[in-house]
Structures are given as C-alpha cells and as structure tokens.
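Following: one structure in structure tokens, then a few remarks.
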Amino acid sequence: MEQYHDLIKHVLENGTEKHDRTGTGTKSVFGHQMRFDLSKGFPMVTTKKVHLKSIVYELLWFLNGDTNIQYLQENGVRIWNEWADDKGDLGPVYGHQWRNWNNEEIDQISDIIETLKNNPDSRRMLVSAWNPSVMPNTNKPFSENVANGKAALPPCHAFFQFYVADGKLSCQLYQRSADIFLGVPFNIASYALLTMMVAQVCGYQVGDFVHTFGDAHIYSNHMEQVELQLSREPRPLPKMKLNPEVKDIFGFKFDDFTLEDYNPHPHIKGAVAI
Ligand code: THF
C-alpha cells in the first residue's frame with residue numbers, strides 16, 4: 001500500500017489549507033491517481049487496522065439498492081448513522097442510483113453485468129451515482145433534504161467504469177471528494193471487492209483498480225493520526241477469497257468473503273467530519 005502512503009505524503013507536502021463544508025479545515029490537493037493490481041493481493045491498508053465488516057456490509061447494502069441504515073445497524077455497522085433521518089433514511093443515495101435511478105427502473109448494475117458478459121469491449125460500461133436531480137440544499141439539515149426527496153449527501157465516489165482486456169477486468173473510480181484518513185481505506189477496499197465480485201460472476205480474471213481523485217484532503221483533526229501511520233512500516237497485503245459458487249452479483253452474503261493473512265498495525269481512532 002505504498003500508493004496510499006505516497007498520497008498522504010503528497011498532500012502533506014503539497015496540499016493547500018482549505019476550508020470546507022463541515023467547518024473542520026483540511027489540507028487538500030486537486031487531482032491524483034492510484035493504481036492497484038488486484039492479482040497482487042487485496043489492497044487493504046496495513047498501517048492501521050481497517051474494519052472489513054463495515055466495508056462488506058456497506059457494499060452488500062449498496063448492491064441491494066437499500067438506502068435506509070436499518071440493515072447496517074442490524075449488522076453492527078455505524079458508519080452512516082450521522083446522516084440518516086429519524087426513520088433511518090438517507091434519501092436517494094448510492095444504492096438507489098445504482099439500482100433504481102430516478103425510480104425509472106434503470107438498474108445500472110444489472111445493465112453493466114449484461115454488457116460485461118456480451119460486449120466486453122464496450123467503452124460505455126459506467127455506473128453513475130452522481131444525479132443532479134437529487135442534489136441536497138447545503139443550507140438545510142440532512143433530514144429536511146431527505147423529506148424533500150433529495151439525497152442526505154451528494155455521492156463522494158461519484159462514478160466508475162469497467163474495462164476488459166486480455167480476459168482481465170479493471171475498474172476505475174472517480175471520487176470527487178476524499179477523506180484520506182478515514183474514508184479512503186474504506187473506498188479502496190470496497191471497490192477492489194466489487195471488482196473481484198463482478199469479475200467472478202462475469203468469468204474474468206482480476207485486473208487493476210484505478211482510483212482517481214478530485215479534492216483529496218486530510219482533515220486538520222487527523223494530522224497526528226497520519227503522522228503516526230507514516231511512522232509505521234507497511235506489511236504484506238492480505239488475500240481475499242470469494243465463495244466460487246456465487247455466480248449472481250446479487251447473490252453474495254457476508255459469509256462468502258474470507259480475508260486471509262491480514263496482520264495490520266493497531267487501529268488508529270479519528271473523528272468523522274459531518
Ligand atoms: N464524510 C466524511 N467526513 N468522511 C468520510 O469518509 C465519509 N464517507 C461516507 C460519507 N461521508 C463521509 C461515510 N463513510 C467511517 C468510515 C467510513 C465512513 C464514515 C465513517 C469511520 O468512522 N471509520 C472508522 C470506524 C470504523 C467502523 O466503525 O467500522 C475507522 O476508524 O475507519 C466516505 O465514503
């Protein structure tokens with residue numbers, strides 16, 4: 001995971017102090033790219049312990065088209081609590097756009113799987129969570145936006161594209177806004193996992209996960225944490241095993257994922273900016 005450490009160092013050295021919506025303050029750069037060859041191990045940060053359980057349940061929740069946090073809470077996942085209304089709703093966020101864009105029965109995930117199986121040279125294999133018609137009004141509380149049919153938050157990982165060459169499936173994500181300490185380790189593992197799942201159900205080997213950033217920032221209250229992390233030596237990457245029986249992208253269950261040889265340094269706590 002040198003790519004991740006290089007990103008932290010790059011932002012510390014070249015970033016600009018910048019104010020942000022949450023009022024926390026950040027150091028930020030605009031535009032950056034990382035690439036992970038998924039055949040070389042599962043790209044999970046090793047210089048702090050990352051909570052895979054939250055990542056897997058969140059991804060299954062996105063794929064189910066679910067946008068209420070009840071399912072996450074039932075499985076002990078708290079990462080979306082801050083933004084939900086009192087019924088647990090987040091409005092039309094990721095899952096809704098992936099599976100049911102504008103309530104028009106547009107299922108981008110099923111469409112992509114179809115295209116990957118039948119026309120893998122296509123240059124149109126994109127999934128967009130970025131939907132201008134549901135953008136929230138920043139001056140209003142999350143719950144009021146949700147009550148008005150808007151998303152609680154605009155998507156951070158906005159859209160992604162698949163690519164097949166030499167029998168290998170690659171995926172590139174454009175992330176418009178990236179919380180480097182807390183969110184990015186989650187985002188890398190989540191899309192790496194999604195790429196592996198799509199590759200398995202479509203019959204491809206895994207290629208690269210390419211992670212492209214817009215505003216990549218370190219929050220001012222994460223500075224000590226990232227310094228501690230940089231002082232640690234990265235360890236060998238773990239391996240992710242998927243249950244090979246699953247051939248339907250919507251058929252995966254939590255127990256179908258097994259992470260092997262993950263020996264991270266201890267967890268580092270950090271507050272999430274809301
Ligand atoms: N807002 C901000 N400020 N940062 C983000 O990373 C972020 N997201 C999602 C939406 N808004 C965001 C939410 N994803 C954690 C991890 C991911 C999140 C939100 C919070 C978090 O607190 N992680 C802790 C605890 C892990 C756990 O309990 O499982 C950690 O130490 O990793 C990015 O898409």
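Just so you know, glycine gets a Cβ as well, placed from its N, Cα and C.
Copied over from TrEMBL:
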- 2-274: domain 'Thymidylate synthase/dCMP hydroxymethylase' (DOMAIN)
- ARG21, ARG123, ARG124, ARG176, SER177, ALA178, ASP179, ASN187, HIS217, ILE218, TYR219: dUMP binding site (BINDING)
- HIS51, ASP179, ALA273: (6R)-5,10-methylene-5,6,7,8-tetrahydrofolate binding site (BINDING)
- CYS156: active site, nucleophile (ACT_SITE)
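Annotation for the residue listed as 'active site, nucleophile': spatial neighbours GLN175, ARG176, SER177, ALA178, ASP179, GLY183, ASN187, criterion Cβ-Cβ under 8 Å with sequence separation of six or more. Sequence-distant neighbours of ALA273 ((6R)-5,10-methylene-5,6,7,8-tetrahydrofolate binding site) (same chain, six or more apart, CB under 8 Å from its CB) are ASP20, THR22, THR24, ASP179, TYR219, ASN221, listed in sequence order. A Cβ distance below 6 Å to any atom of ligand 1 is met by none of the binding-site residues ARG21, ARG124, SER177, HIS217, TYR219. The secondary structure of TYR219 (dUMP binding site), as reduced to three states from DSSP, is extended strand. In the predicted structure, the domain 'Thymidylate synthase/dCMP hydroxymethylase' (2-274) carries a mean pLDDT of 97. Taken residue by residue with DSSP, ASP179 (dUMP binding site) is part of a strand. The maximal spread of the dUMP binding site, taken as the longest Cα to Cα distance among ARG21, ARG123, ARG124, ARG176, SER177, ALA178, ASP179, ASN187, HIS217, ILE218, TYR219, is 36 Å. Of all the Cβ atoms in the protein chains shown, 23 others lie within 10 Å of the Cβ of TYR219 (dUMP binding site). Site extent for (6R)-5,10-methylene-5,6,7,8-tetrahydrofolate: the farthest pair of Cα atoms among HIS51, ASP179, ALA273 sits 18 Å apart.
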